[in-house]
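Features as listed in TrEMBL:
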- 97-521: domain 'Major facilitator superfamily (MFS) profile' (DOMAIN)
- 151-168: transmembrane segment (TRANSMEM)
- 175-197: transmembrane segment (TRANSMEM)
- 203-227: transmembrane segment (TRANSMEM)
- 239-256: transmembrane segment (TRANSMEM)
- 262-280: transmembrane segment (TRANSMEM)
- 350-368: transmembrane segment (TRANSMEM)
- 380-404: transmembrane segment (TRANSMEM)
- 411-427: transmembrane segment (TRANSMEM)
- 496-516: transmembrane segment (TRANSMEM)
Amino acid sequence: MGFGELLEQVGSTGRFQVLQTTLLCMPVMLLASHNLLQNFVALVPPHFCNAHTNLSQSQMSAEEALLVTVPLDQTGKPERCLRYAAPQWHLLTKNGSSSSGKEGDTNAGLDVDLQGCSDGWTYNMTHMKSTIISDWNLVCDQRSLKQMGQTVYMGGVLLGSVVFGGLSDRYGRRILLLISHLLMAVSGTCAAFSTTFPLFCLFRFGCGMALAGMGLNTFSLIVEWIPTSVRTIVGTTTGYCYTVGQLILALIAYFIRDWRWLTLAVSLPFFVFFLIAWWFHESSRWLVMSNNPEQAIKNLKSVAKFNGRKEEGEKIDMKRLQETMKKEMSCSQGTHSVLDLFRTPTMRRMTICLSAVWLSTSFAYYGIAMDLQKFGLDIYLIQVIFGAVDIPAKVVMVVSMSYFGRRISQSGALIIAGITVLINLLIPYDKQTARTCMAVLGKGCLAASYNCCYLYSGELFPTIIRQNGMGWVSMMGRVGAMVAPMVLLTADYLPWLPGLIYGGAPILSGIAAIFLPETLGSPLPDTIQDVEDRGTGRSSKVSRKEAIILQETQVDLLKQTA
């Protein structure tokens, strides 16, 4: 399209694109750390009731106090939320602290009064020195607050998707990215020094808003400064930054076992990213569509100079810009809102299908990835495994997107993910290795789906409302992420129901993805009319021969990066 010609003139894959894309991708690594931070800062350590006050002041050993204070559960471990109403001294006379003697007295039908942990809890801090669970006693009757903390965080992401999506289409990508970096740095630092759980939730809400703003505007600044031929490669590379971030989180959490220092470690770098972001160039494509052609020309000339094409850049003036993007500039008159996503038939169908894709992808992804303790393996090891599986999954996805197209790839990833989750329902609970393998496969498919839907959505929405569109589908994704923890509560009534819901949702949305238009080899649409033309088959901007050339270029680039 018009802007593509200008981009080629100033250098579409030059030093500027490489440097700006690299700097934009760096914060993405720590976005994963904040998204999955709950797995470590809210780790639930093994715990049991403290001994009675008079007993804790005696000369008894910790083992003896535990024996006469806390009964055993059905698995032979100390009860987490109950203790004897009065110390059971007679248990000390039965072979000291033998397990057979304890089981005989606690499980042989003796009528023993029990009570809650009125004197607090003792925590086994093997994996972490401290967590928000141990600091604020979010266990037993208060255990649901753990899920509330993650829901509040996702609520911030939800609101951020709406707010930053609309504002960036009005005020620009760069300024909103600056605000997002600063908000993340300040909110994350304040969360690390929170003195109460409500304050912690408040600042995590701010982190969630900042994450949404960074995700939306980072992707837009990347995709709007690169040509069609490398969008697949660059989009996948950005996705790999998130994958690396999951591995970095496991590494940082392994060496920093205190939740406050861990939160601080993944938040302070955003002050540096805030300073770096001042160098970024606002999207000239957006500037043209927002009736600011003078600044667009200035940015294009700056990019041309940076790419060593100063003479070519000097040829761009207002007349050249108007001739190249006449149609786009005429269609950009007036204001646009999220309602434009539903006004026309093709846009409406596309938005509904993408909403289903984002909601189910996020819903199933966080249903699996945010409860690592249930797999019974080392928490750091499972985080590494869950992060590492993204590497082959995204390789397969980029090959699939380049050869088979976005639509088939998106649909296939979701359907396969749903099937793996449903298969897990048939595997016995004691087969932890098999269950973990299926969960890892499902998580890999969902990560690949995420990688595809970010690129796919950016290619489907037109420039004038791209941020509104990305904000809307991102909002739907956060709705799924907020609902995911609540679904786990249904296991108290039907143990198999959460798995059925987590598996069924991706399959249904995978079917919905089939109704989306294909974008492989197509230039970015700038106006709503471009989208409608493509939906009705009237678009002739790129001939079939040109599309084949673009596809071959993508494949060649893929081979070079392999």
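Placement of Cβ uses the backbone N, Cα and C atoms for every residue, glycine included.
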Cβ-based contact of the transmembrane segment (350-368) with the transmembrane segment (175-197), 3 or more pairs under 8 Å: no
Outside the transmembrane segment (496-516), six or more residues from its ends: residues with CB under 8 Å to it: 349-350, 352-354, 356-357, 359-361, 363-364, 367-368, 406-407, 410-415, 417-422, 424-425, 446, 449, 456, 460, 480, 484, 487-488, 490
Arithmetic mean of per-residue pLDDT over the domain 'Major facilitator superfamily (MFS) profile' (97-521): 82
